[in-house]
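Student: My questions will all concern the structure given below.
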Amino acid sequence: PAPVKPPDGGWGWIVLLGCFVITGFSYAFPKAVSVYFKELMKDFHVGYSDTAWISSIMLAMLYGTGPVCSIMVNQFGCRPVMLIGGLLASAGMILASFTTNIIELYLTAGVLTGLGMALNFQPSLIMLGTYFDKRRPLANGLAAAGSPVFLSSLSPLGQVLLEKFGWRGGFLIMGGLLLNCCTCGAVMRPLDMGMKRKMGKAQDKYEAKEMLPIGGKSDEGISTTDGTKKAKKAKKKPKKGKKLLDFSIFSNRGFIIYTISKFILVLGLFVPPILLVNYAKDTGVPDTEAAFLLSIIGFIDIFARPACGMVAGLKWVRPHVAYLFSFSMLFNGLTDICSARASNYTGLVIFCVFFGISYGMVGALQFEVLMAIVGSQKFSSAIGLVLLIEAFAVLIGPPSAGR
């Protein structure tokens, strides 16, 4: 059980908003950057596979630094880690606007921005899990909706910035936008803080009672303040033996099955959003209409994620949420297979609609299922290890498809 009972609301809604923005940047940003690829290919004289590495490295950093992020969160807490992450993500894109070759882009936009987003993404999910319990499926669905909302807005924005300021100016402005991650990190107030304030108020009441000339009350006040001090000391003690990364979750059969299935899924999950725009441009679709395809996926996804979160929260569905997740993965794979039939713009739009629904279902359920398997106490370690394993799939998936 969690040390403090989740309030399922209150400040949790502000935490949810912060998580919504962080999820939006983390998942949408690597795909939205693909709008600039055509110009980068011209400037640096490189091919599809070379530019696809930018998004892949960004996503691989987001996933692969999971254990490092888990250790940092367990050591320093969510808020400081997120503030540093926001600064790193922004610095990466700003430096990328001054690069002169594709390798420098890999290091700045790929590694540095990816690391910054990783240090934001994981702590925001951990905070969401501590603030919500009964309403957690809905909260996860709403937070996951940040990805499509940002995808449908960042992709057209990127196209506008590209036309007005070129890719360098676009990268610079995008770097400025990423500073909003610091604001989201600032609102991630630890749940214990609220409890300490309540205890402080209780102490003040007892001090006031002590001042009143009523026998017995002062002793009562002293005994309770002593009790609260002892409780505080007792709370501090377990931190000494705290594990930085809990590998005992590998003894959980459900966790191993989840990890294997997610690895296979992630090999192909990000391929359509990353390569779709360039594929459409190559088939003769105008640039703005090609960028609009990502907006279609995003728009459908906006409604798919919260809707799926609400369905997963129903009394008769929540115990069987793993089966709903399995169906969403199968559905996503089938839409990819059917995309081979899309030979014109209309076909691509139809594919985007169905891909958006399946993609939204996967996004809304993936972390809810993981938390249901391992529990909230081991979630920070579990998510770090899962993301590390998925990083290999993310890294080889899009460039392989590009080739």
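For all residues, glycine too, the Cβ spot is worked out from N, Cα and C.
Model, not experiment: these values are computed from the prediction.
Annotation source TrEMBL lists transmembrane segment at 12-33, 53-73, 80-99, 105-126, 170-191, 255-280, 292-314, 321-342, 348-367, 379-397. Per TrEMBL, the feature domain 'Major facilitator superfamily (MFS) profile' maps to 12-403.
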Student: Looking only at the domain 'Major facilitator superfamily (MFS) profile' (12-403), what is the mean pLDDT?
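Tutor: Value for the domain 'Major facilitator superfamily (MFS) profile' (12-403), mean pLDDT as a whole number: 79.
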Student: Give the one range among 12-33, 53-73, 170-191, 292-314, 321-342 whose Cβ atoms make the most pairs under 8 Å with those of the transmembrane segment (105-126).
Tutor: 53-73
Student: Against which stretches of its own chain does the transmembrane segment (170-191) lie, if we need a Cβ under 8 Å and a gap of at least six residues from its ends?
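Tutor: That would be 4, 6-7, 11, 14-15, 17-19, 21-22, 25, 29, 33, 36, 77-79, 81-83, 85-87, 89-94, 96-97, 109, 113, 116-117, 120, 123-124, 127, 130-131, 158, 161-162.
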Student: Six or more residues beyond either end and a Cβ under 8 Å away: which residues meet both conditions relative to the transmembrane segment (348-367)?
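Tutor: 27, 125, 140-141, 144-145, 147-148, 262, 265, 269, 272-273, 276, 280, 285, 293, 296-309, 312, 321, 324-325, 327-329, 331-332, 334-336, 338-339, 342, 383.
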Student: So are the transmembrane segment (12-33) and the transmembrane segment (379-397) touching or not, going by 3+ C-beta pairs under 8 A with a sequence gap of 6 or more?
Tutor: no
Student: Going through 53-73, 80-99, 292-314, 321-342, 379-397 one by one, which has the most CB pairs that fall under 8 Å from the transmembrane segment (255-280)?
Tutor: 379-397
Student: Return the stretch with the most CB pairs under 8 A relative to the transmembrane segment (80-99), choosing among 53-73, 292-314, 379-397.
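Tutor: Maximum Cβ contact count belongs to 53-73.
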Student: Which residues, given as numbers and ranges, are at least 6 beyond the ends of the transmembrane segment (379-397) yet have a Cβ under 8 Å from it?
Tutor: 56-57, 59-71, 73-74, 118, 122, 125-126, 129, 243, 245-247, 249-250, 255, 258-259, 262-264, 266-271, 367, 370-371, 373
